[in-house]
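Below: one structure, written as structure tokens.
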Amino acid sequence: MANIKVIVAGPRGRMGFEAVKLVHNTEHFDLVAVIDRKHDGGNLSDVEGFQGIDAPIFSDIKECFSKVEADVLVDLTTPEVGMYHTETALQYGIRPVVGTTGFTKEDLAKLDALTKEKGLGCIIAPNFAIGAILMMKFSQMAAKYFKDVEIIEMHHDQKLDAPSGTAAKTADLISSVREAKVQGHPSEKETIPGARGADVEGMRIHSVRLPGLVAHQQVLFGSAGELLTVRHDSFNRGSFMSGVKLSVETIMNLDVLVYGLENIIE
Ligand SMILES: NC(=O)C1=CN([C@@H]2O[C@H](COP(=O)(O)OP(=O)(O)OC[C@H]3O[C@@H](n4cnc5c(N)ncnc54)[C@H](O)[C@@H]3O)[C@@H](O)[C@H]2O)C=CC1
Ligand SMILES: O=C(O)C1=N[C@H](C(=O)O)C[C@H](O)C1
């Protein structure tokens, strides 16, 4: 079988850097281009940290897709550009694997329609780490029995979006098995706005941002006389790479939108 031709958007970012190395080091993947805001027209091998990794650099995604033959776009950029890149890839017949977070429900609905129209797969993965996917699934299982839930997500202080994509996805999975419930005291009042966190159907999400952290989440389930805590920690960005690899391989056989890797892991 032919190698899978991959474009990475956001190569100089924390995640993009790891993804470029993964694609470069995987025998059946070819890194055919990168999309970067800087170094337009240059080659990645001339950029500090990427010596020996040959790939043309484009700043304009449409120019890149017009000039370079590719199967998959791996997007690891920002909430502002992630949606534009994803839609553009589908328009050009390229399958998007999207790690970028911050997509709204409206964005997902739009992408669902576009993948159907184009007959192309698209993976939106709020978290590529296998442990995080299990943490979300275990939380969904627990929510059948515990209706009172608080999600605490903790990330490095350079993160742009809050709550994290993982926390939003966790709330989404829990909502699918739990009826909306107002938690806490019915008369509770915040004396400092935001003290009780974001409200998703009565569930609370708290976002912690601190230097030194990578990506961590705990989901707390309380009931009379007991507390269940489901927790996951990513200590480095290598933890996400097996999920990126699986996504690039799997998307070649998909023709629908997949939101969350729990839908493709066996
Ligand atoms: N799904 C997952 O498992 C994970 C997802 N993420 C998400 O991935 C995204 C990136 O995270 P980090 O690498 O930590 O951020 P980062 O800030 O280190 O990297 C983002 C990169 O995108 C680049 N960029 C911005 N606009 C661009 C454009 N128009 N064209 C090309 N490149 C552009 C920036 O120059 C930067 O290098 C975030 O949305 C984050 O939430 C992060 C870790 C794991
Ligand atoms: O920005 C990050 O770092 C991460 N973002 C993703 C999210 O928003 O959930 C995945 C992981 O938590 C790391």
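Keep in mind that glycine also has a Cβ here, set from the backbone N, Cα and C atoms.
Under DSSP, residues within the domain 'Dihydrodipicolinate reductase N-terminal' (4-128) fall into helix, strand and coil as 49 helix, 28 strand, 48 coil. The domain 'Dihydrodipicolinate reductase N-terminal' feature in TrEMBL is assigned to 4-128.
Among the features that TrEMBL reports, NAD(+) binding site is placed at GLY10, PRO11, ARG12, GLY13, ARG14, MET15, GLY99, THR100, THR101, ALA125, PRO126, ASN127, PHE128. A 10 Å cutoff on Cβ-Cβ distances gives GLY99 (NAD(+) binding site) a total of 24 other Cβ atoms nearby, all chains included.
Annotation source TrEMBL lists NADP(+) binding site at LYS38. In the structure as shown, the Cβ atom of LYS38 (NADP(+) binding site) sits within 10 Å of 10 other Cβ atoms.
Among the features that TrEMBL reports, domain 'Dihydrodipicolinate reductase C-terminal' is placed at 131-264. Sorting the domain 'Dihydrodipicolinate reductase C-terminal' (131-264) by DSSP state (H, G, I as helix; E, B as strand; all else coil) yields 42 helix, 39 strand, 53 coil.
The active site, proton donor/acceptor annotation in TrEMBL covers HIS155. Taking a C-beta cut-off of under 8 Å and a sequence gap of six or more, HIS155 (active site, proton donor/acceptor) has these contacts in its own chain: SER164, SER207, VAL208, ARG209, LEU213, VAL214, ALA215, HIS216.
The annotation (S)-2,3,4,5-tetrahydrodipicolinate binding site is assigned in TrEMBL to HIS156, GLY165, THR166.
The feature active site, proton donor is assigned by TrEMBL to LYS159. Of all the Cβ atoms in the protein chains shown, 15 others lie within 10 Å of the Cβ of LYS159 (active site, proton donor).
Cα proximity to GLY99 (NAD(+) binding site) (within 10 Å) is found for none of the recorded positions LYS38, HIS156, LYS159. For ligand 2, the nearby recorded positions are PRO126, LYS159; that is, of ARG12, PRO126, LYS159, these have a C-beta under 6 Å from one of its atoms.
Of the recorded residues, THR166 ((S)-2,3,4,5-tetrahydrodipicolinate binding site) and PHE128 (NAD(+) binding site) place their C-alpha atoms 10 Å from one another.
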